[in-house]
Amino acid sequence: MAGLTTFFAMSYIIVVNPQILSQTGMPWGGVFLATIIAAIIGTLVMGLFANVPYAQAPGMGLNAFFTYTVCFGLGFTWQETLAMVFLCGLINILITVTKIRKMIIKAIPEPLQQAIGGGIGLFVAYVGLLNVGFITFTPKDTKAAGQGLATAATPGMATLNNPTLWLFLIGLLLAIVFTILKVKGGLLLTIVITALIGIPMGLTTMSNSVSLGETFSQLPQTFGALFTGQGFGSLFSDPAKLPLVLVTIFAFSMSDTFDTLGTFIGTGRRTGIFSQQDEESLENGHGFSSKMDKALFADSIATSIGAICGTSNTTTYVESSAGIAAGGRTGLTSVVVACCFALSAFFAPVISAVPSAATAGVLVIVGCLMAASLKEVKWDDITEAIPAFFAAVFMALSYSISYGIAGGFITYCIVKVCKKKANEVHPIVWIVSALFILDFICMAIL
């Protein structure tokens, strides 16, 4: 029962992930199967090797970062971005089995860790609102700006005069109600009901769906694409892009690492899955000396495997807490979840017919739930509030997780200097902040 509960709580990713990543030009069917394969392998390793009841799948927020920031914003191809995700997985494996893990965990201040998690939530919710056109940007009169001309765009709420927005609002309402009532599998149920309502509205149609045969035929287009000339072959071909590549890999790695650690510590501590000894071993131990070490290793392995298959970072889902609440305490829960993902591969034609309006409301609610970590920030302490605010808000408004991390790191250094506590800033934070500033300067000049 615990495994089924976890699966239904997180299975919305089977629909949402291909919708987001396919916007980069990746084949829907290839991403669909890559999502499932990554989830199966990562979750099986989690259950059989670490013996803990956690499930994995491509992470929300990181898939949006993959598409909207790295591909659309920074101009990398999806093959190059998969290559960076693969390197992120290798880095996280290194972090897991060496003392580097301890250094990074100690380097990032607690308020920034919480703000990064909460900021990703705001980012995910913002993506959901933009995907259906609920937020619009209206061009205003062109006006003089120095030597040239500039056009201002005013953000606002769309006029609710089209079926797509009506369907989105229905889905959002359902997601809110099911979440408040703690309905098991409520997010998946939201997508199903909203998609069915979309049929008479003409928004859910099989004419745009992908057949089962076509789905499996598209997997070779994404599988191993990172090793081609369009992946690693071009990623490091331009020395001028190297700083940007390194910063992007760092952003992937940090987001993945702290998202996973937050899930493990936040849910494992309360339920006894991870003991205080596990947390101490995480900081001081070597190799796989605890269940948490093994679980972190399983998470890292899944990211690299997922990239090879053709999907963004695979991470441990906080929705695993639903299965834990239902009594899951061992790896058997994870094995059941993996089997459910395997069965879902045969429902591609139905899943591909789901419109984005049916999933946007779920994105908003998932973002809301992820933003809960912001409550851990001491907002009455201005030295914590300023870096946390810039980290979280910059992620959403700049449409970039990496820029949010940059805003948090840089303002944290400024705050500490002003308080004459610069010696409290870890060298890693100074180095990363300097890299971000250098990156901003390079982008402004080039």
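Glycine is no exception: its Cβ is also placed from the backbone N, Cα and C atoms.
Listed features, source TrEMBL:
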| type | residues | note |
| --- | --- | --- |
| TRANSMEM | 28-50 | transmembrane segment |
| TRANSMEM | 82-100 | transmembrane segment |
| TRANSMEM | 112-137 | transmembrane segment |
| TRANSMEM | 164-181 | transmembrane segment |
| TRANSMEM | 188-206 | transmembrane segment |
| TRANSMEM | 244-265 | transmembrane segment |
| TRANSMEM | 357-374 | transmembrane segment |
| TRANSMEM | 386-415 | transmembrane segment |
| TRANSMEM | 427-445 | transmembrane segment |
Note = Relative to the transmembrane segment (244-265), the stretch among 112-137, 164-181, 188-206, 357-374 with the most Cβ pairs under 8 Å is 112-137
Query = What stretch, picked from 82-100, 112-137, 188-206, 357-374, has the most CB pairs under 8 A with the transmembrane segment (164-181)?
reply = 357-374
Query = What residues in the same chain, six or more past the boundaries of the transmembrane segment (386-415), come closer than 8 Å to it by Cβ-Cβ distance?
reply = 61-62, 65, 68-69, 73, 109, 111-112, 114-116, 118-120, 122-123, 125-126, 247-248, 250-251, 254-255, 371, 374, 377, 379, 422, 425, 429-430, 432-433, 436-437, 439-440
Inquiry  = Which residues of the chain, 6 or more past the ends of the transmembrane segment (357-374), have a CB below 8 A from one of its CBs?
reply    = 12, 15-16, 19, 60-61, 114-115, 117-118, 120-129, 131-132, 134, 164-165, 167-176, 179, 187, 190-191, 194-195, 198, 203-204, 262, 318, 388, 392
